[in-house]
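Chemist: A single structure is presented below for examination.
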Amino acid sequence: MQQVTEIDWDILAPELIIMIACALLVILDLVLPSMISRRWIGLFSLVAVVTAGVWIVTQFGHSPVALLENTYRLTPVTLIWKLILLSGTFLVLLISLGEDQEEFAPNSGEYYYLLLAAVLGGMFMVSSADLITLYVGLELFSLSSYVLVGIRKRRGDSNEAAWKYVVLGGMSSAFILYGMSFLYGLSGSTNLANIQQYIVKAQGTYDWIIYLSFFLMIVGFGFKLASAPFHTWVPDVYQGAATPITSFLSVVSKSLAFALLFIMIGVFDGIDEGWESIFLPTLMIMAALSMIIGNTAALRQKNMKRLMAYSSIAQAGYILIPIATLNKLYFPSTFFYLFVYLFMTIGAFAVIMLVMRQEKNEDMKAFAGLHQRSPWLALAMTIFLISLAGIPLTAGFFGKMLIIMGALGMEHLWLIVIMVITTIVSYYYYFSIIRQMYFRKANTTRRIRTSWPIGIAISMSAIATIGFGVFPEWILNLVESLLFK
Amino acid sequence: MNISGELIAFFILSVSAIGGAVFMMNLTRVMHMALALAFTFFSIAGVFILLDAPFLAVTQILIYTGAVSILMIFGIMLTKHKDEENPPSFDIKKLWSLIGVGAFFAVVLWIIYQSPFFTSEETVTDFSVKMLGKSIFQQYMIPFEVTSILLLVALIGAAVLAKREEKRK
């Protein structure tokens, strides 16, 4: 057995950086006198996230390593997941730093180190090949995000959101754990590679146990992915949480859930019979339901955050297609779409946050005449929205094209038809926001105040959304060079 | 089926475990509920002893019967609440959830019964606390450390959500 002292700490460095930063900030928050703004803590965590991200980039091309019997592993795939998580957290931290509303939580240090703890759990989760690390990492992430949702405790809607999130989140974790326990019971091992080998041997005799375990886990994953039919919590929680946290949930939490789905799908991979006839169709139905329910329910929303919540349910449906059809392109297309989704979603939430803060109104009408008041913000929002809708020249378009191309190869035409139709439906609500911004008269002529961190976040997201749309090969080459070297 | 001391002990322990759980749901006073729950935990510890897992049994008593129950009682003492709950009312929603849970239970039970378990007896390798320690602090060191951060987060989270707001100037 490998000894702890023999570990090459270089490999664990990104996690260690975040862990140390988190611990230091807890102490710093305690020692610093109360006059000093807690924004410094936010700045420090931003530095930690960037350092960890840069370290991960330097690890590109590292040969795969497994530590301590696979409780931790470093492979190209884990590096990409971690890069997605850290980029999302980076942007969320930036827009949190720009929020200076009195009642908002970033004035407290806890907000930042809980965010760091959440991403730390996520990083451990994606890089584990063992059920125990997987679950502990997942719970660290979930627990921190429950607190983050409820951190604005003087607001009723925030409390309601946190309560719903913690109850349903706890239930979904229980479902995942129950499913995992059957796998452990069958194979007698928590190691994913051992479980996979055992499942291949056990099919025929223990088929039903394997299916039961799969379905239990799918219920839990469906919740974490915010995909239909497990989506009912999404609008309330997204509306009640502070906007940076909403974007964190809709980007980082969703990416993490996809990572979990990928890892567990890999375990069930060896099964011949259930694979084609049961597992993949289940995922396809989830994808189809998410697209239909998300896009049609979004049509009726007037509240911006609820609209984005339903849009995020629909997007989860699109991202589920590559894994549900399991085509040749499924790795590159999922990663591409998640990267792009990250930028356009956080960008859109940042603009929504700015407008809502000034107008004290979460309604779509708050966007009326934004074009006359702050033309740059209106332009950025338009870029994000047309990318979410999937109009050519944006990254969202290319992402959707990759998904459709991949699914076409597998002859799942009905899924593509649903995707195209629901995408067209989604044009209606995305464009109604654009219509508000450009063709409605503003009530006031006041400009929207922007602060530098939000400005940076919005412009980075806008540049990325256009840039990856015009040069999609940047991401694709990166993914390919990592995966198929 | 031959009746042995083990079977009788198992019977008594499982009846008291299930009985505790049923009482916990039916009692109306919160304090009585906590006691019934502690009783269930204690009986489960007995089952662990029957299964030749003394370490697990001791841990069960220490953590569940001891710590968790005490924590609950403290929680009850420190929070304001109505001591008596209203007697449970019955409505159509509850009927649906009963049907749902019942169906789920039936499916799980059916699957477990039709799977050929208990085919052969495995020999259990000797267990020692030393081995347990090695496995936690060698093989599972990373999840162990992550768990400590998890506890830290839970602590901070509880403090954040429960602490009294300072007066704004």
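Glycine residues also receive a Cβ, built from the backbone N, Cα and C atoms like all the rest.
Sharing the record's features from TrEMBL:
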{"type": "DOMAIN", "residues": "A:128-425", "note": "domain 'NADH:quinone oxidoreductase/Mrp antiporter transmembrane'"}
{"type": "TRANSMEM", "residues": "A:12-32", "note": "transmembrane segment"}
{"type": "TRANSMEM", "residues": "A:39-58", "note": "transmembrane segment"}
{"type": "TRANSMEM", "residues": "A:78-98", "note": "transmembrane segment"}
{"type": "TRANSMEM", "residues": "A:110-126", "note": "transmembrane segment"}
{"type": "TRANSMEM", "residues": "A:132-151", "note": "transmembrane segment"}
{"type": "TRANSMEM", "residues": "A:247-268", "note": "transmembrane segment"}
{"type": "TRANSMEM", "residues": "A:274-295", "note": "transmembrane segment"}
{"type": "TRANSMEM", "residues": "A:307-324", "note": "transmembrane segment"}
{"type": "TRANSMEM", "residues": "A:336-355", "note": "transmembrane segment"}
{"type": "TRANSMEM", "residues": "A:376-398", "note": "transmembrane segment"}
{"type": "TRANSMEM", "residues": "A:413-431", "note": "transmembrane segment"}
{"type": "TRANSMEM", "residues": "A:452-475", "note": "transmembrane segment"}
Chemist: For the transmembrane segment (A:452-475), could you work out the same-chain residues 6 or more beyond its ends whose Cβ comes under 8 Å from its Cβ atoms?
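Modeler: Sequence-remote neighbours of the transmembrane segment (A:452-475) are 91, 94-95, 97-99, 335-336, 339-340, 343-344, 346-347, 350-351, 353-354, 377, 379-380, 383-384, 387, 392-398, 402.
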Chemist: Please identify the stretch among A:12-32, A:39-58, A:78-98, A:132-151, A:247-268 with the greatest number of Cβ pairs below 8 Å relative to the transmembrane segment (A:274-295).
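Modeler: Looking only at A:12-32, A:39-58, A:78-98, A:132-151, A:247-268, the most contacts with the transmembrane segment (A:274-295) come from A:247-268.
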Chemist: Which stretch, A:39-58, A:132-151, A:336-355, A:376-398, tops the Cβ pairs under 8 Å count with the transmembrane segment (A:78-98)?
Modeler: A:39-58
Chemist: Are there residues at least six beyond either end of the transmembrane segment (A:413-431) with Cβ under 8 Å to its Cβ atoms? List them, or say none.
Modeler: 284, 287-288, 291-292, 294-296, 298-299, 301, 307, 311, 314, 317-318, 321, 324-325, 385-386, 388-390, 400, 403-404, 407
Chemist: Using a Cβ distance cut-off of under 8 Å, indicate which of A:132-151, A:307-324, A:376-398 has the most pairs with the transmembrane segment (A:336-355).
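Modeler: The stretch with the most close Cβ contacts to the transmembrane segment (A:336-355) is A:376-398.
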Chemist: What else in the chain is close to the transmembrane segment (A:132-151), if you only count residues 6 or more beyond its ends and a Cβ gap under 8 Å?
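Modeler: Distal contacts: 71-72, 105, 108, 110-111, 114-115, 117-126, 158-159, 161-163, 165-166, 169, 173, 176-177, 180, 190, 192, 237, 240-242, 245, 248-249, 253, 256, 260, 263.
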